[in-house]
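Asker: For 275-297, 339-365, 371-391, 412-431, 443-467, 488-521, 527-555, 567-586, 598-626, the entry in TrEMBL reads transmembrane segment.
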Amino acid sequence: MAKFRILIFTYTAFFFFLNSHIHGFYLPGVAPLDFQMGDALMVKVNKLTSTKTQLPYSYYSLPYCSPEHIVDSAENLGEVLRGDRIENSPFVFKMRESQVCAAVCRLKLDKKSAKAFKEKIADEYRVYMILDNLPLVVPVKRPDQDDVVVYQHGFHVGLKGIFVGKEEKYFINNHLTFTVRYHRDIQTDSSRIVGFEVKPFSVKHEYDGQWTEKTRLKTCDPHTKRAVTNSESPQEVEEGNEIIFTYDVDFQESEVKWASRWDTYLLMADDQIHWFSIVNSMMIVLFLSGMVAMIMLRTLYRDISNYNQLETHEEALEETGWKLVHGDVFRPPTNPDLLCVYAGTGVQCFGMILVTMIFACLGFLSPSNRGGLMTAMLLLWVFMGLLAGYASSRLYKMLRGTEWKKISLKTAFMFPATVFVAFFVLNAIVWEQKSSGAVPFGTMFALVVLWFGISVPLVFIGGYIGFRKPAPEDPVKTNKIPRQIPTQAWYMNPIFSILIGGILPFGAVFIELFFILTSIWLHQFYYIFGFLFIVFIILIITCAEITVVLCYFQLCSEDYQWWWRSYLTSGSSAVYVFLYATFYFYTKLEITKLVSGILYFGYMLIVSYVFFVFTGAIGFYACFWFTRLIYSSVKID
């Protein structure tokens, strides 16, 4: 007990230490910055990304113009895992002072640099930049609605096409026309940045004489205010060619206030689809709720009344339906240890997702806090180890287990070890591609420390607490000799009923799943957590109800082996999630490289595995409550 108190005190102290330091950190996007006229604005560069390869690279992996000293910005855990590499850039603006045709540098392409640019252009890589924590976007008019402007994240490195002749060539976007939108305070004359846009152009710059820092370009000139407005004479990428990188910057006053500056980025033009998703899911829930209500209020009420009115021994021998298996329904299942581990892990995942959803709905995990969502999920999963240990050991004790340390050890290692090994293999593949998406050794070590230093001890603490509590007694006694299960109808076959049970939970979420996959693999913003939270609640209800309904039919067929089937019934929805991910891969993505395909299916396997554990636990605990409720309502002699 003394050791246990010391451990509790240590973790309490650690929590307060962590909490005190969190309050000292600056959360991106929370504190506004005021700029006076002429103040320097530092543009930062982020990664290069492509929807074709899904492999991010750092900005300076290409021979772009760079400042004298490249300085890395401090990234949080989520940013590192996302592949973000935020660094300073040679682009320096002055607040409310427009510039025309500012030269950044001149580059002579050799064979290696020309090849690097061509590869990134062929794979349609986009360049990400940041100003005052706002990502750079390219405004594009929707083809079906000219008055509606959508924002694409980042600009293309270049484009591939035919300019002169019949041969396809590569052209680089070497001129950037920036637009910085600001909101001015009339009283203080200070300004806050509310928008950061760009229009990229490919321009073959021309000049007279030898190149120096003071050379005036003929294609654009700040003295004559001649600006680049098109790409009629594009800059070709070829060995030996000379590329001059230039930019314009224009400052435009905006009525948009700082607090609303993310609204244009997160503009949701397809909210009707989300409402359709909600209505679709609600119809499924109402259908299942009607079935559950019918079972609970009509069938069960009639059954329980009939069973409780049985008076003679002969009548008792003629029992039919679910009451027949009362002596076996709480018999421990096969592999009880594994069931306890997965039930505990499911509770851990449920707690992580629920708290993350709540924080996201309250606005703490907005896109302005880059990497915040992933960081929060990792930390919450670690601290939810307490619930995992508690749930697994409590169920283990109810199933007459005695070695709580063994079950806690399995809970602490089985699921995370599987995910970690898969993640490590995928990370090795990314590392071999020299991508910035590869998690550095230091970050990998930090993840191991979080796992072994915090999660594992918390699982044991939860296991100790759960095992100390008295196990709940079964409503009915279990017979010593197991009852023989009669031959089941074809539709009650375990595999068939399990796969059928997973369809409805998947049907409740598949529309929202499309938008989540789009945000992850097509690099779009996702900030409709209100919709997502409603779908999350509907998913919980659907998983619970479909499992209860199928469990009731199973018990009525005198099949008492419900433990594992209840977990697998709702958990089988993960099979449909993975099948949908496969369908999405072939219909929406343009991935052609083998490595990128392996990464996609590897990460979607991990996501499907988490979904299986999470939904399986919901179905299991719903059936656990249901069986105890109905068998405690009848008189058993």
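Keep in mind that glycine also has a Cβ here, set from the backbone N, Cα and C atoms.
Note that TrEMBL annotation is computational and uncurated.
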Asker: Looking at the transmembrane segment (275-297) and the transmembrane segment (371-391), are there 3+ C-beta pairs under 8 A, with each pair at least 6 apart in sequence?
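Answerer: Checked: the transmembrane segment (275-297) vs the transmembrane segment (371-391), no contact.
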Asker: Do at least three C-beta pairs under 8 angstroms join the transmembrane segment (339-365) to the transmembrane segment (488-521), pairs 6 or more apart in sequence?
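Answerer: Contact criterion not met.
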Asker: Could you pull out which residues elsewhere in the chain have a CB under 8 Å from any CB of the transmembrane segment (412-431), counting only those six or more residues past its ends?
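Answerer: Beyond its ends, the transmembrane segment (412-431) has Cβ neighbours at 55, 341-342, 345, 385, 388-389, 437-439, 444, 447, 451, 455-456, 459-460, 595, 598-599, 602-603, 605-606, 609-610, 613.
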